[in-house]
Every structure is written in structure tokens, then in C-alpha cells.
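See structure below.
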Amino acid sequence: AEPGPSQFWCEAGAWWIKFEEKVEDGGERWSTPHVPALRLHSLFELRTCLQEGTVLLDLGASLPYVAEKALSAQPEAWEPELQDCLAALLLRQPLHRTTMAPLRVLTEFSLAPCRGTPGTTAGAGMLLMPLGHLRNRFKKKLLPGAEVASIMVGEVDFLKKPFPVFIRLREAVTLGSLTEVTLPSRFLFILLGPHAKAKAYHEIGRAMATLLTDELFQRIARQAKHQEDLIAGIDEFLDELTVLPPGKWDPSDRIPPSRCLLSPNKRYPGGRASTTFAGSCGGSHEELERTGRLFGGLIRDIRRKAHWYRSDFSDAMHIQCLSAVLYIYLATVTNAITFGGMLGDATANMQGVLESFLGTAFAGSIFCLFSGQPLTILSSTGPVLVFERLLFSFSEDYGLDYLEFRLWIGLWVAFFGLVLVATEASQLVQYFTRFTEEGFCALISLIFIYDSLKKMLSLAEAFPINWHYRADDVTLYSCTCNLSGPGECKLPATAPAHTLTLAALSRAQCLGRGGHLLGTSCQYVPDIALLSFLLFGGTFLCCTMLKRFKSSRYFPMGLRKLVSDFSIILAILIFCAIDATLGLETPKLLVPSELKPTNPMRGWIVFPFGANPWWICLASVVPAILVTILIFMDQQITAVILNRKEYKLQKGAGFHLDFLCVSLLMIVTSVMGLPWYVSATVISLAHMESLRKESTASAPGEQPEFLGIREQRLTGLMVFILTGVSVFMAPILKYIPMPVLYGVFLHMGVAALNSIQFTDRVRLLLMPAKHQPDHLYLRHVPLRRVHLFTFIQLLCLAMLWVIKSTAAAIVFPVMLLALVGIRKVLECIFSLHDLSWLDNIVPAAARKEAEGKLHMKQEEQESNADEEVGDILGAVLFCSHPQDSVVQGLADTRPAGGRLSPPRCSRAQTCARSASCRAPGSGCGRPGSRPAGAAAPWHAGRLQNSPG
């Protein structure tokens, strides 16, 4: 029958925005995005459609014109009456399922029937509909340049055979209300026919939608010149399919999208990556290539960074930078107070909190303005503090002036640093592999965790808890002030001694008058220690949960991202409010309010001669060498960690320029008696994490793509400027409880520790093999070798911790350097294959590996030379009932390791494509061929009734 006024096109309950979404029963809810599972037979039927149907390439941009060309392509196959019916049917108005309110409900844009033919104004009028009528919330999630493809399938009574048409427009244009999303269209696929078997046309349409969302097939479809090119594209798609047996898996199960997908370059036959080696080589920065000239590397760093200097400030104009400034500022202030207090205790206040504040502000600001990697945060570090403590003890034991002795050491360190910069010694960081980086990063992270817990335990000692308290004995607890005894204060005769109790005098007044406290409750402070631990743990948990809030299912993506960016600030504000509401006297952040040295016996300038003998300037060379090694290792290991390839930094590193800035700052801080500063690993990593950029446009179900770090100088500069003016912000900062800041410290330490592979491998030691995650290195390295490598790293970490914590700390810089030597020895224990997955390969071994891989590649090319043909060949293993087999639809939606469950991935991931079966007699054949007994595509006798 001819199409009547009640007929129209409507969405068949599914759409693809990279992944498939279906309409649930009831039509009011879309499913979660999932990997499409296709019937194997539908792919063969689709291939037959393209092979025997009409393929029109590079047509004009008018839908009536497209319909006319599709019908005139085979005029002998269709009678004029059928052509009129088909034309009227193709120009019917569509009915879309769009997004409204919280649910996507069925909404009609226009139900006015199209009674005309391709040449009437009714059909053209549909194309001129205002685009504002097509509302869609997903358009903002799509990448710029995204296009939409329309797949129109249905059953009609007036056709005796299928009518398949594949159309590619010359230019992508918006086809009015044909598509729900107001985006240009380039591809159309039309399939009309008589009543067929259940959902036959629908499954073919799903197969075409899956193909058009495959990036490799898209390339072929865009560049195809002939019909055979599209067939070759389907054959290549079939080469990569993974067939799931029907009795082993429920086709109604929805496979969630994997977090890591193969890129088209790795899937492409010419760009297939080998998984024999991980192929990672440590320190492959091109800026580390030796120039052979004095200061050659420094000059190259300066030239490279001068090009980006203007953008280093303009790129900071983003709200994310505000969150980073507040977060890192509070971390820096806390770190300055913590290390300043420890320096004061270790040096008899020759360096204290005020010197720590001023030194941090000055050194950090200069470094952010002129360094090669301004994302680095300078700070006093644990290893430097250990050396300062040893140096002060040595000076006290031998009657030397500490600051003058330290001045000469600092001047020699600056001189040695200039020599290292001139000779391009930073090139040696190529030998700092993951083994060394993770050992140092784990040590610093554990120091942060240990110090935060130690500070909390010291609060418990300062505000002790009465563990023997009994509610029934409340009348026995008392505390009174006793002024009698040798220290009794002279008081007026009119004041009876027995009235001088705690009710009249406070604790401070009692102790100030020479009295002492008597009673069973005097040594305890109720509630403060308990509340401090609650604030400490609550801040840590809140920081962790809010940071992960971006990946939760609650609230819109924009709000989740904003909460995640300001997670640390929100956690601090929440628990500051809780502390203020309860009103207990928890220890608060105390900032010096006067600009004067902590020790009144010293000034702001340290003179090189006077207090110590003249030969001290020469004897200080020996400790200066140790400090130089410490500063070089501390600075460059942190720089290597921050400039890893996975951070996708675009402006490059500046190893030589960074070390020059640190060396020159040693002169200023030594002359002024300020602490020495070097890159702080944990705070710098936190700074990097707070500036992560992710794609705002992502298809439903697709993980946001990590785009890199927001590289600029302004956040670090503002952090250190605020640190400097914190002296004048003491009235505001005094409301921040110290347990809250210790909780932030704990969060930074744990976050940095969780960011390294070493932590994952330590967890493997406690897991049975069947419960271990599917890390990629576990597929290529035996488990016992992984455990051996982890055990060696644990021994090295324990050795560093013991040396740092004992009197042998003077050799700590040498032990850091020894990690490089230990890593070299590991090449005698592990093969290059194992080290390539567990670690990076040092340059010498990397060259040998590259030569071996090149030789293997040449042999492989020679062995496969006879098998290469011009067309894309492939083979698929047929089941006895191919129409019942389920195919995982997209090769690039599989987990990168090729395993369906669990959908996990590791940091470095490659995958070999599944090998095709070409064994004779095994049921394998050219896609499109059928084994005996298989149903022929488009068998009219088997077509059944199904919804359109």
C-alpha cells in the first residue's frame, strides 16, 4: 500500500555516540552507554547489501536530490509507482527521542505528514526548519567537527525485495530535522524491504551504525572511490572481530566501555605495535642531548623557554589556577611552619619559622620567574633538614660559628653547581630510571605520612587523654593551685591562703606566681586530642572523597569537576567550620607577626670572616661536595618525575636552567642565613595534579581524555607571594587548626605514594594470584620475577630510611647516588625484556634493544613478504549457526590487552591485534563466503515480520 498520512520515521530505540545507548522498556530512559554486541550474520548481510545494493558517493547536499539519485541509480529495478512510494516515504517527517527535564522522553518535532514527491515544496520545507527547534544537551559533549550519520531501516508492504542504499555527501551539511542533533551529516544508509525475520533490518542497521563509529572504517568510508573500497573496509573490520560463543555469554549483557582503548594508529595494520618489549627508555628528553660546548645545554634551555615566556602568564587565566593557588599555598605555609619549627629545634633558633617563611617566599618567587620548569615548588626537604642538624651538631662540638661555616659550604655548593651546569652534567639524569625515581618518591611520600602522624601523636602528648576516667568517680577529680612552699609568692595579708584556689587563679596565673597544680585531673586536657584526631582523619577522608567526586555518578559533570578542583579548599573550610562551631581550643596555625630574626643573637647578613679560623673556607669543601650531591640528586630526580611523558607537557623541561637557579639561590640564602631550598617532590606532584587538563567534550560512556598540565608560572608565583605576606595575615590564619593541615599533608603523601607503580607491586605481595589485577606487566613478566624486583626496591627503600634516621645520615647523598649503581647491577639479574616492563631501560641497553628489535622486524618482514597482497585480506571462523553468534562490535572498544573482563588497564599499554585464522579446512574463509549449511543472506523465505 502507498504510504499514508499516519506513517513517519522514528528512532528505533538506539543511538551511537561512539558507544551504543538503547531505550529501556517504557520509552522514558536511555540505557548506560555500552559496547555494541552484534549478530555475526548481520555483518555478512550488511556486506551483501553494500556489494549488491546502491552506493552513491559525493552527492549534493539536498535531501530531495539525494532521494531522487538513490531511486534513479537502478531505474530498471523499480517501477514508477514504486519509485513514487519510496520517494514519499523517504521524505517523511522524523520523530526523535530528545533530552528534556531529567529524562529523555519521546518528543515530536513535526508530525505534519509529507504527502508530496521529491520535487514538492513540502519535502523542501522540512529541510528549512529552524535549527533552534532541535534541542539537544549532548552537543556540548561532542568534539569540534563532529558529524552525524543517519541510518533509516524499515519494512513496507509494497516491496518484494530489499532496497539498500549507502550515500556519502560531497560536503557535510545539516539536513534539517532528519537528525536529532543539529550537526552536519555526511553519511546516510537506507534499507527498506518486505517483512523479514525478527529484527533482521534492525540488526543490519546496528551493524552499519557500529561500522560508522569505528575510526578505521570512517577513514575508508571518507576516502572511498568505488564500491569495492567499502567492501574492503568491512573486510578489515571483520579481521579484528572477537567472536563470543553463544552458550558461554548472555547477549543481553551490556559490556561497559573500557577505560583504555587502542588508538587507530595501533590498530592500523601498518602501525601495529609490538608487545615483545614495552619500549620505554628512561630520560629520553631531547633537551638532555649533549652539545659539547660550555653552558650549551643552559643556552638551549633559555632559548626554548624564552619562546613560551609570554604564554606562561596568559595560560594561567583559568579558574582551575585559583584552586591550585589556594591548595598549594596552604600546603606551602604548613610545610614552612613545620620545617621551620624543626630547623629551630635543630639549630637553636638560628633558623626558625620566620626565616623559613621569608626564604620560601624569596627563593620560590625567583625560581618561578626564571626557572625552566615553573611547576616545581621549592621547599626545605627532609634530607636537607638532616644535613642541617648534623652540621649544627658538628659546629657546636668543635666550637665553630654555625652560620659562617654554613655560608662557606653554600658558596662552594653554588660553585660546584655552576661547574655542573657548564659541563652539562644534567645529562646524567638519563640514568635515573623508574627504579630510582620510585625509590626516592616513595621515601619522600613516607616522610610526609610519617611526619603528619608524628605531629598528631605529639598533640596527644601535649593534650593528654585520661584513659582511666570513670563517670562514677567524677567527684574525685579536682585540680587546685598551691602557692605554698619555697616558691611562694608574697601576697597581701588580707588574702587568706586557703582562698587561693583554681577558682580564683587560672593555670597560667598560678604557674606565673610560682605555684604548682595539685589534683588528679591537672595533667589531662579533655576533648582536645580526640577532636584533633577527628579533624585530622576527617580532613584526609574528605580530601580523598572530594578529589574522586569527579568520577562519581552524582550531579552534572560541570559541578563534579568544580568540586574536584576545589576539593582541598572545601575540605579545609568544612573542618575549620566544624572546629569553630565546637569552640574547643585546638592548636591553631601560628604565623610570626614581626620581621625580626628568630634568634636575637644573629642578624640578617652573615659575614664570611670573623668568628671561625681562615682555613674553614677551605675545609668546607668536603661537606660541600656531599651537599652538592644531595642537591643535585634531590633536584634532578624530582625534575625527572615531573617531566614524565605521561604528563604530556608541551613546553619542555629545563634541567640545566633549573639547577642553575637552585645553585644561585644557594648564595643568597647562605648569605642571609635562610634555609636551603630544593624541589619538593610531594608538593610539586600535588601542584601538577591540581592543574590537570581533561577534555570537556566526551561521548557518553567515554572517559574524559587527559590533555596534559596547565603549564604556566603564575600559580607558583602567587603561592610564594602569598607565603611572604602571610606574616601580615596572622589574624586570619590563626583560625585554621593544625590537625586540618596535617590531614592535608597525609593526603598529599598518600596521593603521591599511590601514583607510582611500586605501590601496585607491593599490593601484589599480599594478593593471591587469582585476585590480582590484570596489570599489563603481569602478562609479560613471571610473577616471581615481579616479586623479586619489588623486594629489591623494598630493601633499598628500607636502607634509605634507616640511613636517614640514624647517625649515618651524613652519607645519605651518597646512598641516593648508589641507587643508580644498584639499578645497573639489576641488569645482571633481570633480562632486558623484564626490565622494559618493570622499569625503564638505561640508554646503553636501550640502544642494544633497539638494534635487536630492528633485526627481528627485518626478519619478520622478510618472512611475511610472500603473504602481502594489495587488498585487505582476512578470515573469520564460522560457527555452525552464524546467525546465533554474538560479535563484540568494535575492535577499538576492547580493553587494550584484548581481554574482555575485567576492563582494566595499566599506565603503559600496547596490544597486538588478534590473529586471523587461515588454516585450510577449518571453516575459515573470505568474509562473505558461507560454509555449507549456512543461511544465505536475504533468503526471502526466512524473512519475518518485525517492527521498523
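Just so you know, glycine gets a Cβ as well, placed from its N, Cα and C.
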So which range, 56-85, 356-385, 476-505, gets flagged transmembrane segment in TrEMBL? 356-385
Is the transmembrane segment (740-758) close to the transmembrane segment (566-584), in the sense of at least 3 CB pairs under 8 angstroms with a sequence gap of 6 or more? yes
Candidate ranges 435-453, 604-632, 653-678, 714-733 - greatest C-beta contact count to the transmembrane segment (356-385) (under 8 angstroms): 653-678
What does DSSP give as the helix, strand and coil breakdown of the domain 'Band 3 cytoplasmic' (133-251)? 45 helix, 31 strand, 43 coil
Restricting to the same chain and to residues at least six past its boundaries, which positions have a Cβ under 8 Å from a Cβ of the transmembrane segment (435-453)? 338, 381-382, 536, 633-634, 637-638, 640-641, 680-682, 685, 742-743, 745-746, 748-750, 752-753, 755-759, 793, 796-797, 800-801, 804, 816, 819-820, 822-823, 826, 839-840
Contact call for the transmembrane segment (653-678) against the transmembrane segment (791-820), three or more Cβ pairs under 8 Å: no
Stretch-level contact, the transmembrane segment (405-423) and the transmembrane segment (791-820), CB cutoff 8 A, at least 3 pairs: no
Sort out for me which stretch, of 528-546, 604-632, 791-820, has the most Cβ pairs below 8 angstroms to the transmembrane segment (740-758). 528-546
